[in-house]
Amino acid sequence: MNQPTSSNNGAIKGVQKIRTLIEGLDEISHGGLPSGRTTLVSGTSGTGKTLLAIQFLYHGIKHFDYPGLFVTFEESPRDIIQNAHSFGWDLQSLVDEGKLFILDASPDPDGQEVVGNFDLSALIERIQYAIRKYNAKLVSIDSVTAVFQQYDAAPVVRREIFRLVARLKHLAVTSIMTTERLDEYGPVARFGVEEFVSDNVVILRNVLEGERRRRTIEILKLRGTTHMKGEYPFTITNDGINIFPLGAMRLTQRSSNARISSGVETLDKMCGGGFFKDSIILATGATGTGKTLLVSKFLEEGCRRGERAILFAYEESRAQLSRNASSWGIDFEEMERKGLLKLLCSYPESAGLEDHLQMIKSEISEFKPSRIAIDSLSALARGVTNNAFRQFVIGVTGYAKQEEITGFFTNTTDQFMGAHSITESHISTITDTILMLQYVEIRGEMSRAINVFKMRGSWHDKGIREYTISEGGAAIKDSFRNYERIISGSPTRIAVDEKSELSRIMRGVQDKTLPE
């Protein structure tokens, strides 16, 4: 039996990783990309492959002082520098300082004809020369597909890519090599062989879900080391690629026993003294049941106590929100003038869910609020899959809890009267407190009802109470004690005789349980 060979230099080390400092990538890769190895980044057109390759080099040079080499087969060095400048990355200064070298291997615009045996010997030698001359530690190659687009023989492609990868490994550089694929969920790469000669494979996707594009990243393999499995959404911002590693989030947030007021005294009593600080509250109900009013009272109460608050509105404009709040005696404009309130209004269709999530996180990070509200979640759910929407809600709630912020969200149900589910997207388990608002028909008149459907970690009132809206705002009255089946949407009045009979039966049961 063969025994493992020993080295005089000490024990064999495992795969070392180099941090990329790309937001979220180090989390899903469990520490970064494997050092001294090549990572294949594959994706269709417009997925962000070139951007990832440039950002990887730029961060390595700026944060770790690793010299870098960028090999381009498609764009000119001028275009690459100009495009990177849009993200605030000054590649030209790095080139002038000798920290970055851009090797132009783009094809002749007049075209080339392949004659004889095809190989990359000359190109590999050019890359090796540049690596040694500039002492490069990081290399990005964009993209190998352009090299082989005139030569479709898979065995030749596999052989030449293997030679290139082997030479890069011999030179001990950490490299990214981009390649194109034809379908989002088809073969990993165009020629079907690239992934087999690479130690690491990352797939970028840009999928049309409903009416919106959704970018995701998946680490298919990192040979010899661990990584997170599955697809993770990402967006492209002014700072580059931003990945949301929702699966990397841990349920380690602190929980506070402190209570905060909802702004409605009776609702505070129904919740055992108010909402828990850093909890997530969901108000769900049909349109017009008073969800936005509860949100407005919640924000007003925070500002009255000198706390900062943000309202992310996706159904009403700033002017409309201010006008409606004013009719309830709430002055949003005065709160904004004092710097306590921020109203951010936009259409849900103006951006993808990942872009909305990034905007929410950025605004929270900048404004530092104690309370946030989203009105409404159901507007954001339009035109996206349930899984994508649930990931968005997890991202928002997780970040709010991490920052110890109390969140109040609304959800509009399709059911006008009665209720079959709390939300259509099954996000109720993510929230801590659920307020159910609905219409009920009592004696030929339409009334509103409210009840605390759920509240984690606290006693709460189980009654279904009447909820009225007037110029003074919200008022919660007594329970509908003489009615049953209100939640089902078919309230039935309990007759006095029936109540007496029930009382008689209960007294009889109690008498039987008394000792003789």
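Any Cβ shown, glycine's included, is placed from N, Cα and C.
The following features are taken from Swiss-Prot:
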- 1-244: domain 'KaiC 1' (DOMAIN)
- Gly46, Thr47, Gly48, Lys49, Thr50, Leu51, Ser86, Lys221, Leu222, Arg223, Thr225, His227, Thr237: ATP 1 binding site (BINDING)
- Thr50: Mg(2+) 1 binding site (BINDING)
- 258-516: domain 'KaiC 2' (DOMAIN)
- 287-293, Trp328, Arg448, 454-456, Ser458, His460, Lys462: ATP 2 binding site (BINDING)
- Thr292, Glu315: Mg(2+) 2 binding site (BINDING)
- Ser428: phosphoserine (MOD_RES)
- Thr429: phosphothreonine (MOD_RES)
Using Cα positions only, nearest of the recorded positions to Ser458 (ATP 2 binding site) (Thr237, Thr292, Ser428): Ser428
Among Lys291, Arg448, Lys462, which are binding-site residues, the residue with the most C-beta atoms within 10 angstroms of its C-beta: Lys291
Mapped DSSP class for Thr292 (Mg(2+) 2 binding site), helix or strand or coil: helix
Spatial neighbour of Gly48 (ATP 1 binding site) that is closest, considering only the recorded positions Thr289, Thr292, Leu293, Ser428, Lys462 and their CA atoms: Ser428
Site extent for ATP 1, whole Å (max Cα pair distance, Gly46, Thr47, Gly48, Lys49, Thr50, Leu51, Ser86, Lys221, Leu222, Arg223, Thr225, His227, Thr237): 35
All-chain count of other Cβ atoms within 10 Å of Thr287 (ATP 2 binding site): 13
Around the Cβ of Thr292 (Mg(2+) 2 binding site), the count of other Cβ atoms that are within 10 Å: 22
Cα distance (Å, whole number) from Ser428 (phosphoserine) to Lys462 (ATP 2 binding site): 18
